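Feature annotation from TrEMBL assigns substrate binding site to Thr29, Asp103, Glu128, Lys158, Asp162. The domain 'S-adenosyl-L-homocysteine hydrolase NAD binding' annotation in TrEMBL covers 163-324. According to TrEMBL, the NAD(+) binding site annotation covers Gly194, Glu195, Val196, Gly197, Lys198, Gly199, Glu215, Asn318.
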Amino acid sequence: MTALMALRKAAQGEKPLAAAKIVGCTHVTAQTAVLFETLMVLGAQCRWAACNIYSTQDEVAAALAEQDFPVFAWKGESEDDFWWCIDRCVNEEGWEPNMILDDGGDMTHWIYKKYPHLFKKVKGIVEESITGIHRLHHLSKAGKLCVPAINVNDSVTKQKFDNLYCCRESILDSLKKTADIMFGGKQVAVCGYGEVGKGCSAALKAMGSIVYVTEIDPICALQACMDGFRLAKLGDVVRQVDMVITCTGNKNVVVREHMDLMKNGCVVCNMGRSNTEIDVNSLRTPELVWQHVRAQVDHIIWPDGKRIVLLAEGRVLNLSSSTVPIYVLSITATTQALALIELFNAPEGRYKQDVYLLPKKLDEYVASLHLQTFDAHLTELTDEQAKYMGLSKYGPFKSSHYR
(Lines of atoms letter the chains of each structure in order from A and count residues from 1; the text may use other names and numbers.)
(Lines give C-alpha, C1' and ligand atoms only; values in the text may rest on other atoms or scores of the structure.)
Protein backbone atom coordinates (compact mmCIF):
# COMPACT_ATOMS: atom_id res chain seq x y z
CA MET A 1 0.00 0.00 0.00
CA THR A 2 2.50 2.50 -1.34
CA ALA A 3 0.57 5.71 -0.72
CA LEU A 4 -0.08 4.95 2.95
CA MET A 5 3.61 4.19 3.41
CA ALA A 6 4.50 7.47 1.68
CA LEU A 7 2.01 9.30 3.91
CA ARG A 8 3.60 7.80 7.02
CA LYS A 9 7.05 8.85 5.87
CA ALA A 10 5.97 12.38 4.95
CA ALA A 11 3.88 13.12 8.02
CA GLN A 12 5.04 11.01 10.94
CA GLY A 13 7.64 13.56 12.07
CA GLU A 14 5.00 16.19 12.72
CA LYS A 15 2.32 13.74 13.97
CA PRO A 16 -0.69 15.50 12.36
CA LEU A 17 -3.12 13.34 14.32
CA ALA A 18 -1.52 13.80 17.73
CA ALA A 19 -4.31 14.08 20.32
CA ALA A 20 -6.85 12.63 17.85
CA LYS A 21 -9.11 9.96 19.33
CA ILE A 22 -10.69 8.18 16.39
CA VAL A 23 -13.58 5.76 16.72
CA GLY A 24 -14.08 3.75 13.54
CA CYS A 25 -16.60 1.40 11.98
CA THR A 26 -15.26 -0.06 8.72
CA HIS A 27 -14.38 -3.46 7.32
CA VAL A 28 -11.68 -5.18 9.35
CA THR A 29 -9.29 -6.71 6.83
CA ALA A 30 -5.55 -6.88 6.25
CA GLN A 31 -5.76 -3.77 4.09
CA THR A 32 -7.77 -1.67 6.53
CA ALA A 33 -5.44 -2.81 9.32
CA VAL A 34 -2.65 -0.96 7.51
CA LEU A 35 -4.84 2.16 7.68
CA PHE A 36 -5.40 1.66 11.43
CA GLU A 37 -1.66 1.29 12.00
CA THR A 38 -0.99 4.36 9.85
CA LEU A 39 -3.37 6.48 11.90
CA MET A 40 -1.55 5.42 15.05
CA VAL A 41 1.86 6.18 13.49
CA LEU A 42 0.49 9.66 12.73
CA GLY A 43 -0.32 10.13 16.41
CA ALA A 44 -3.94 8.99 16.81
CA GLN A 45 -5.55 6.77 19.41
CA CYS A 46 -8.13 4.44 17.84
CA ARG A 47 -10.94 2.07 18.75
CA TRP A 48 -12.60 -0.02 16.04
CA ALA A 49 -15.64 -2.13 15.11
CA ALA A 50 -16.66 -3.82 11.86
CA CYS A 51 -19.30 -2.33 9.56
CA ASN A 52 -20.27 -5.71 8.08
CA ILE A 53 -20.99 -8.93 9.99
CA TYR A 54 -19.36 -11.13 7.33
CA SER A 55 -16.33 -9.17 6.08
CA THR A 56 -14.04 -9.35 9.13
CA GLN A 57 -10.88 -11.40 8.66
CA ASP A 58 -10.56 -13.06 12.07
CA GLU A 59 -6.81 -13.54 11.82
CA VAL A 60 -6.41 -9.80 11.21
CA ALA A 61 -8.62 -8.87 14.16
CA ALA A 62 -6.63 -11.28 16.34
CA ALA A 63 -3.31 -9.82 15.19
CA LEU A 64 -4.51 -6.30 15.97
CA ALA A 65 -5.73 -7.39 19.40
CA GLU A 66 -2.35 -8.97 20.14
CA GLN A 67 -0.82 -5.54 19.52
CA ASP A 68 -3.26 -4.05 22.07
CA PHE A 69 -5.27 -2.35 19.34
CA PRO A 70 -8.88 -2.09 20.63
CA VAL A 71 -10.87 -3.91 17.94
CA PHE A 72 -14.31 -5.45 18.42
CA ALA A 73 -15.15 -7.62 15.42
CA TRP A 74 -15.36 -11.19 14.20
CA LYS A 75 -16.70 -12.89 11.11
CA GLY A 76 -20.29 -14.04 11.43
CA GLU A 77 -21.54 -11.65 14.10
CA SER A 78 -25.25 -11.62 14.86
CA GLU A 79 -27.16 -8.35 14.66
CA ASP A 80 -26.99 -8.08 18.45
CA ASP A 81 -23.25 -8.77 18.36
CA PHE A 82 -22.83 -6.06 15.73
CA TRP A 83 -24.36 -3.34 17.92
CA TRP A 84 -22.61 -4.66 21.03
CA CYS A 85 -19.25 -4.26 19.24
CA ILE A 86 -20.06 -0.70 18.23
CA ASP A 87 -21.16 0.11 21.76
CA ARG A 88 -17.93 -1.29 23.21
CA CYS A 89 -15.97 1.02 20.94
CA VAL A 90 -17.77 4.09 22.19
CA ASN A 91 -18.67 3.24 25.76
CA GLU A 92 -15.22 3.19 27.36
CA GLU A 93 -14.73 4.88 30.71
CA GLY A 94 -12.21 7.70 30.54
CA TRP A 95 -12.00 7.70 26.74
CA GLU A 96 -14.10 9.96 24.49
CA PRO A 97 -13.69 10.17 20.71
CA ASN A 98 -13.08 13.45 18.89
CA MET A 99 -13.18 12.02 15.33
CA ILE A 100 -15.38 9.42 13.62
CA LEU A 101 -14.41 7.29 10.61
CA ASP A 102 -17.52 5.53 9.34
CA ASP A 103 -18.54 3.20 6.52
CA GLY A 104 -22.33 3.10 6.32
CA GLY A 105 -23.15 5.54 9.10
CA ASP A 106 -23.78 2.98 11.85
CA MET A 107 -21.21 4.40 14.27
CA THR A 108 -22.53 7.93 13.76
CA HIS A 109 -26.11 6.68 14.17
CA TRP A 110 -25.26 4.85 17.41
CA ILE A 111 -23.55 7.86 18.97
CA TYR A 112 -26.50 10.11 18.06
CA LYS A 113 -28.89 7.57 19.53
CA LYS A 114 -27.08 6.52 22.70
CA TYR A 115 -24.34 9.05 23.45
CA PRO A 116 -25.26 12.41 21.88
CA HIS A 117 -23.22 14.29 24.50
CA LEU A 118 -20.04 12.95 22.87
CA PHE A 119 -20.55 15.27 19.90
CA LYS A 120 -19.48 18.18 22.08
CA LYS A 121 -15.90 17.01 21.58
CA VAL A 122 -16.13 15.54 18.08
CA LYS A 123 -14.38 17.67 15.45
CA GLY A 124 -15.73 15.84 12.44
CA ILE A 125 -16.94 12.72 10.65
CA VAL A 126 -15.34 11.03 7.64
CA GLU A 127 -17.84 8.81 5.77
CA GLU A 128 -16.93 6.37 3.02
CA SER A 129 -20.18 4.95 1.66
CA ILE A 130 -23.20 6.21 -0.25
CA THR A 131 -25.51 4.82 2.47
CA GLY A 132 -23.70 6.78 5.16
CA ILE A 133 -23.69 9.93 3.04
CA HIS A 134 -27.47 9.70 2.60
CA ARG A 135 -27.83 9.43 6.37
CA LEU A 136 -25.59 12.46 6.93
CA HIS A 137 -27.57 14.53 4.40
CA HIS A 138 -30.81 13.59 6.17
CA LEU A 139 -29.31 14.82 9.44
CA SER A 140 -28.10 18.01 7.76
CA LYS A 141 -31.49 18.78 6.19
CA ALA A 142 -33.19 18.21 9.53
CA GLY A 143 -30.75 20.57 11.23
CA LYS A 144 -29.42 17.73 13.41
CA LEU A 145 -25.87 17.46 12.02
CA CYS A 146 -23.85 19.10 14.77
CA VAL A 147 -20.32 18.59 13.36
CA PRO A 148 -18.73 18.92 9.90
CA ALA A 149 -18.40 15.79 7.77
CA ILE A 150 -16.29 14.92 4.73
CA ASN A 151 -17.89 12.78 2.05
CA VAL A 152 -15.10 10.46 0.92
CA ASN A 153 -17.45 8.33 -1.19
CA ASP A 154 -17.85 11.06 -3.81
CA SER A 155 -14.18 11.93 -4.04
CA VAL A 156 -12.92 11.17 -7.53
CA THR A 157 -10.31 8.72 -6.29
CA LYS A 158 -12.96 6.69 -4.43
CA GLN A 159 -15.57 6.75 -7.20
CA LYS A 160 -13.29 6.02 -10.12
CA PHE A 161 -10.97 3.49 -8.52
CA ASP A 162 -12.58 1.73 -5.56
CA ASN A 163 -16.11 1.69 -6.97
CA LEU A 164 -15.34 1.16 -10.66
CA TYR A 165 -12.07 -0.74 -11.07
CA CYS A 166 -12.29 -2.69 -7.83
CA CYS A 167 -15.80 -3.99 -8.53
CA ARG A 168 -14.90 -4.75 -12.14
CA GLU A 169 -12.43 -7.34 -10.85
CA SER A 170 -13.94 -8.51 -7.59
CA ILE A 171 -17.45 -9.31 -8.93
CA LEU A 172 -16.13 -12.19 -11.04
CA ASP A 173 -13.95 -13.60 -8.27
CA SER A 174 -16.83 -13.39 -5.77
CA LEU A 175 -19.30 -15.17 -8.04
CA LYS A 176 -16.78 -17.90 -8.89
CA LYS A 177 -15.91 -18.53 -5.25
CA THR A 178 -19.49 -18.66 -4.01
CA ALA A 179 -21.56 -20.07 -6.87
CA ASP A 180 -18.92 -21.50 -9.27
CA ILE A 181 -20.64 -19.76 -12.16
CA MET A 182 -19.81 -20.04 -15.87
CA PHE A 183 -20.39 -16.55 -17.24
CA GLY A 184 -20.49 -17.12 -20.98
CA GLY A 185 -24.03 -16.82 -22.35
CA LYS A 186 -25.61 -16.12 -18.97
CA GLN A 187 -28.29 -13.42 -18.85
CA VAL A 188 -27.66 -10.96 -16.04
CA ALA A 189 -29.66 -8.02 -14.69
CA VAL A 190 -27.44 -5.36 -13.10
CA CYS A 191 -29.52 -2.92 -11.06
CA GLY A 192 -27.88 0.50 -11.09
CA TYR A 193 -25.32 1.98 -13.48
CA GLY A 194 -23.26 4.13 -11.17
CA GLU A 195 -19.55 3.38 -10.84
CA VAL A 196 -20.16 0.01 -9.16
CA GLY A 197 -22.72 -1.00 -11.78
CA LYS A 198 -20.41 0.12 -14.57
CA GLY A 199 -17.59 -2.04 -13.22
CA CYS A 200 -19.78 -5.11 -12.76
CA SER A 201 -21.45 -4.75 -16.16
CA ALA A 202 -18.16 -4.33 -18.00
CA ALA A 203 -16.65 -7.42 -16.36
CA LEU A 204 -19.66 -9.62 -17.10
CA LYS A 205 -19.91 -8.39 -20.69
CA ALA A 206 -16.23 -9.15 -21.24
CA MET A 207 -16.84 -12.74 -20.07
CA GLY A 208 -19.62 -13.23 -22.62
CA SER A 209 -22.66 -12.57 -20.46
CA ILE A 210 -25.77 -10.86 -21.84
CA VAL A 211 -26.26 -7.87 -19.54
CA TYR A 212 -29.44 -5.90 -18.89
CA VAL A 213 -29.19 -2.70 -16.87
CA THR A 214 -31.89 -1.06 -14.75
CA GLU A 215 -31.50 2.61 -13.86
CA ILE A 216 -33.54 5.56 -12.57
CA ASP A 217 -31.17 8.33 -13.72
CA PRO A 218 -31.53 9.28 -17.42
CA ILE A 219 -27.84 10.26 -17.64
CA CYS A 220 -26.57 6.95 -16.27
CA ALA A 221 -29.19 5.16 -18.37
CA LEU A 222 -27.91 6.86 -21.53
CA GLN A 223 -24.36 5.86 -20.61
CA ALA A 224 -25.49 2.24 -20.30
CA CYS A 225 -27.09 2.39 -23.73
CA MET A 226 -23.97 3.98 -25.27
CA ASP A 227 -21.85 1.25 -23.66
CA GLY A 228 -23.91 -1.39 -25.45
CA PHE A 229 -26.20 -2.61 -22.66
CA ARG A 230 -29.94 -3.18 -22.86
CA LEU A 231 -31.83 -0.80 -20.56
CA ALA A 232 -34.87 -2.51 -19.05
CA LYS A 233 -37.14 -2.61 -16.04
CA LEU A 234 -36.37 -5.48 -13.69
CA GLY A 235 -39.95 -6.72 -13.80
CA ASP A 236 -39.70 -7.12 -17.59
CA VAL A 237 -36.62 -9.37 -17.58
CA VAL A 238 -36.66 -11.04 -14.15
CA ARG A 239 -38.31 -14.23 -15.48
CA GLN A 240 -35.49 -14.91 -17.95
CA VAL A 241 -32.26 -13.83 -16.28
CA ASP A 242 -29.79 -16.20 -14.62
CA MET A 243 -28.43 -13.61 -12.19
CA VAL A 244 -29.62 -10.40 -10.54
CA ILE A 245 -26.97 -8.09 -9.06
CA THR A 246 -27.92 -4.93 -7.15
CA CYS A 247 -25.57 -1.93 -7.20
CA THR A 248 -27.69 1.04 -6.13
CA GLY A 249 -27.26 1.79 -2.41
CA ASN A 250 -31.06 2.03 -2.22
CA LYS A 251 -33.65 -0.18 -0.51
CA ASN A 252 -36.12 -2.79 -1.83
CA VAL A 253 -34.60 -2.86 -5.31
CA VAL A 254 -35.34 -6.59 -5.48
CA VAL A 255 -38.54 -7.49 -3.62
CA ARG A 256 -40.51 -10.68 -3.02
CA GLU A 257 -42.64 -10.14 -6.13
CA HIS A 258 -39.47 -10.20 -8.26
CA MET A 259 -38.12 -13.31 -6.55
CA ASP A 260 -41.44 -15.14 -6.95
CA LEU A 261 -41.04 -14.69 -10.72
CA MET A 262 -37.38 -15.75 -10.97
CA LYS A 263 -36.57 -19.00 -12.68
CA ASN A 264 -35.13 -22.03 -10.93
CA GLY A 265 -31.47 -21.56 -10.03
CA CYS A 266 -31.38 -17.78 -10.43
CA VAL A 267 -28.50 -16.25 -8.45
CA VAL A 268 -29.30 -13.11 -6.42
CA CYS A 269 -26.62 -10.94 -4.84
CA ASN A 270 -25.73 -7.40 -3.85
CA MET A 271 -22.65 -5.32 -4.70
CA GLY A 272 -24.01 -2.08 -3.24
CA ARG A 273 -23.11 -0.86 0.22
CA SER A 274 -26.51 -1.36 1.83
CA ASN A 275 -27.93 -4.76 2.83
CA THR A 276 -31.41 -3.35 2.24
CA GLU A 277 -31.26 -3.59 -1.58
CA ILE A 278 -32.62 -7.14 -1.57
CA ASP A 279 -35.69 -7.64 0.61
CA VAL A 280 -34.31 -10.71 2.38
CA ASN A 281 -36.81 -10.48 5.24
CA SER A 282 -39.65 -11.19 2.81
CA LEU A 283 -38.09 -14.62 2.23
CA ARG A 284 -38.30 -15.60 5.90
CA THR A 285 -41.83 -16.97 5.71
CA PRO A 286 -43.23 -20.41 6.63
CA GLU A 287 -43.86 -21.55 3.06
CA LEU A 288 -40.23 -21.06 1.98
CA VAL A 289 -37.42 -23.39 3.03
CA TRP A 290 -33.89 -22.07 3.62
CA GLN A 291 -31.13 -24.55 2.84
CA HIS A 292 -27.65 -23.44 3.91
CA VAL A 293 -25.28 -24.88 1.32
CA ARG A 294 -21.95 -23.43 2.48
CA ALA A 295 -20.51 -20.17 3.72
CA GLN A 296 -22.28 -17.20 2.06
CA VAL A 297 -24.54 -19.48 -0.05
CA ASP A 298 -28.19 -20.24 0.75
CA HIS A 299 -30.85 -21.90 -1.39
CA ILE A 300 -34.36 -20.53 -0.89
CA ILE A 301 -36.85 -23.21 -1.93
CA TRP A 302 -40.46 -22.51 -3.00
CA PRO A 303 -43.32 -24.99 -2.45
CA ASP A 304 -43.18 -26.11 -6.10
CA GLY A 305 -39.47 -26.99 -5.77
CA LYS A 306 -38.10 -23.87 -7.42
CA ARG A 307 -35.04 -22.48 -5.72
CA ILE A 308 -33.01 -19.30 -5.98
CA VAL A 309 -29.41 -18.96 -4.85
CA LEU A 310 -28.93 -16.09 -2.39
CA LEU A 311 -25.35 -14.98 -1.78
CA ALA A 312 -24.08 -13.45 1.49
CA GLU A 313 -27.69 -13.01 2.68
CA GLY A 314 -27.90 -9.89 0.52
CA ARG A 315 -24.91 -8.15 2.07
CA VAL A 316 -22.10 -6.68 -0.01
CA LEU A 317 -20.74 -9.68 -1.90
CA ASN A 318 -17.13 -8.89 -2.65
CA LEU A 319 -16.23 -8.01 0.94
CA SER A 320 -18.21 -10.93 2.34
CA SER A 321 -17.03 -13.65 -0.01
CA SER A 322 -13.82 -12.57 -1.65
CA THR A 323 -10.96 -10.11 -1.30
CA VAL A 324 -10.55 -6.60 -2.66
CA PRO A 325 -7.32 -5.66 -4.48
CA ILE A 326 -4.79 -4.12 -2.14
CA TYR A 327 -3.88 -1.40 -4.64
CA VAL A 328 -7.43 -0.09 -4.84
CA LEU A 329 -7.89 -0.12 -1.06
CA SER A 330 -4.64 1.80 -0.71
CA ILE A 331 -6.27 4.62 -2.69
CA THR A 332 -9.40 4.68 -0.53
CA ALA A 333 -7.49 4.32 2.76
CA THR A 334 -5.16 7.19 1.87
CA THR A 335 -8.17 9.35 1.05
CA GLN A 336 -9.71 8.53 4.43
CA ALA A 337 -6.48 9.32 6.28
CA LEU A 338 -6.09 12.68 4.53
CA ALA A 339 -9.72 13.57 5.23
CA LEU A 340 -9.20 12.85 8.94
CA ILE A 341 -6.06 15.01 8.98
CA GLU A 342 -7.88 17.81 7.16
CA LEU A 343 -10.85 17.90 9.53
CA PHE A 344 -8.82 17.42 12.68
CA ASN A 345 -6.40 20.24 11.89
CA ALA A 346 -8.80 22.67 10.19
CA PRO A 347 -8.91 26.10 11.84
CA GLU A 348 -12.18 26.98 13.53
CA GLY A 349 -14.69 28.28 11.03
CA ARG A 350 -13.31 26.59 7.91
CA TYR A 351 -15.97 23.90 8.06
CA LYS A 352 -19.51 24.43 9.30
CA GLN A 353 -22.03 21.79 10.37
CA ASP A 354 -22.51 20.39 6.88
CA VAL A 355 -21.30 17.67 4.50
CA TYR A 356 -18.26 18.54 2.36
CA LEU A 357 -16.33 16.90 -0.44
CA LEU A 358 -12.65 16.19 0.03
CA PRO A 359 -10.66 19.21 -1.24
CA LYS A 360 -9.67 18.54 -4.85
CA LYS A 361 -6.01 19.22 -4.07
CA LEU A 362 -5.99 16.26 -1.68
CA ASP A 363 -7.87 14.09 -4.18
CA GLU A 364 -5.17 14.76 -6.77
CA TYR A 365 -2.42 14.17 -4.21
CA VAL A 366 -3.77 10.67 -3.52
CA ALA A 367 -3.70 9.89 -7.24
CA SER A 368 -0.15 11.24 -7.64
CA LEU A 369 1.15 9.01 -4.85
CA HIS A 370 -0.11 5.93 -6.70
CA LEU A 371 1.39 6.87 -10.05
CA GLN A 372 4.79 5.80 -8.73
CA THR A 373 3.70 2.17 -8.99
CA PHE A 374 3.44 2.46 -12.79
CA ASP A 375 6.74 4.31 -13.29
CA ALA A 376 4.48 7.03 -14.71
CA HIS A 377 5.67 10.57 -15.34
CA LEU A 378 3.32 13.55 -15.25
CA THR A 379 3.64 16.37 -17.77
CA GLU A 380 4.07 19.78 -16.13
CA LEU A 381 2.31 22.90 -17.38
CA THR A 382 4.48 25.73 -18.57
CA ASP A 383 3.89 29.12 -16.97
CA GLU A 384 2.25 30.29 -20.18
CA GLN A 385 -0.09 27.27 -20.31
CA ALA A 386 -1.03 27.62 -16.64
CA LYS A 387 -1.87 31.30 -17.13
CA TYR A 388 -3.91 30.51 -20.26
CA MET A 389 -5.97 27.89 -18.36
CA GLY A 390 -6.22 29.96 -15.19
CA LEU A 391 -4.64 27.20 -13.11
CA SER A 392 -1.76 26.77 -10.72
CA LYS A 393 1.04 24.68 -12.19
CA TYR A 394 0.70 22.41 -9.18
CA GLY A 395 -3.06 21.97 -9.13
CA PRO A 396 -5.82 21.51 -8.41
CA PHE A 397 -6.49 20.86 -12.08
CA LYS A 398 -10.24 20.29 -11.81
CA SER A 399 -12.96 22.37 -10.20
CA SER A 400 -14.20 21.46 -6.74
CA HIS A 401 -17.45 20.02 -8.08
CA TYR A 402 -15.77 17.77 -10.69
CA ARG A 403 -16.62 14.09 -10.26
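Each residue, glycine too, has its Cβ placed from N, Cα and C.
Just so you know, TrEMBL annotations never went through curation; they're auto-generated.
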Within the predicted model, mean pLDDT of the domain 'S-adenosyl-L-homocysteine hydrolase NAD binding' (163-324): 95
Nearest-integer angstrom distance between the alpha carbons (Cα) of Asn318 (NAD(+) binding site) and Asp162 (substrate binding site): 12
The one of Gly194, Gly197, Gly199 whose CB sees the fewest other CB atoms within 10 Å, among these binding-site residues: Gly194
Pairwise CA distance, Lys158 (substrate binding site) versus Glu195 (NAD(+) binding site), rounded so that it is a whole Å: 10
Residues satisfying Cβ distance under 8 Å from Glu195 (NAD(+) binding site), sequence separation of at least 6: Gln159, Lys160, Asn163, Leu164, Cys167
Candidates Thr29, Asp103, Glu128, Asp162 (binding-site residues) with Cα within 10 Å of Val196 (NAD(+) binding site): Asp162
Gly194 (NAD(+) binding site) and Asp103 (substrate binding site), distance between Cα atoms, whole Å: 18
Shortest C-alpha distance to Gly199 (NAD(+) binding site) - which of the binding-site residues Thr29, Glu128, Asp162: Asp162
Lys198 (NAD(+) binding site) versus binding-site residues Thr29, Glu128, Asp162 - nearest by Cα: Asp162
Proximal but sequence-remote residues of the same chain as Glu215 (NAD(+) binding site) (Cβ under 8 Å, at least 6 apart): Gly192, Tyr193, Gly197, Ala221, Ala224, Leu231
Whole-number Å value of the largest CA-CA distance among Thr29, Asp103, Glu128, Lys158, Asp162, listed as substrate-binding: 18
Alpha-carbon distance [Gly194 (NAD(+) binding site); Asp162 (substrate binding site)] in Å: 12
Nearest-integer angstrom distance between the alpha carbons (Cα) of Glu128 (substrate binding site) and Gly194 (NAD(+) binding site): 16
Same chain, 6+ residues apart, C-beta under 8 Å of the C-beta of Thr29 (substrate binding site), given in sequence order: Ser55, Thr56, Gln57, Val60, Leu319, Thr323, Val324, Leu329
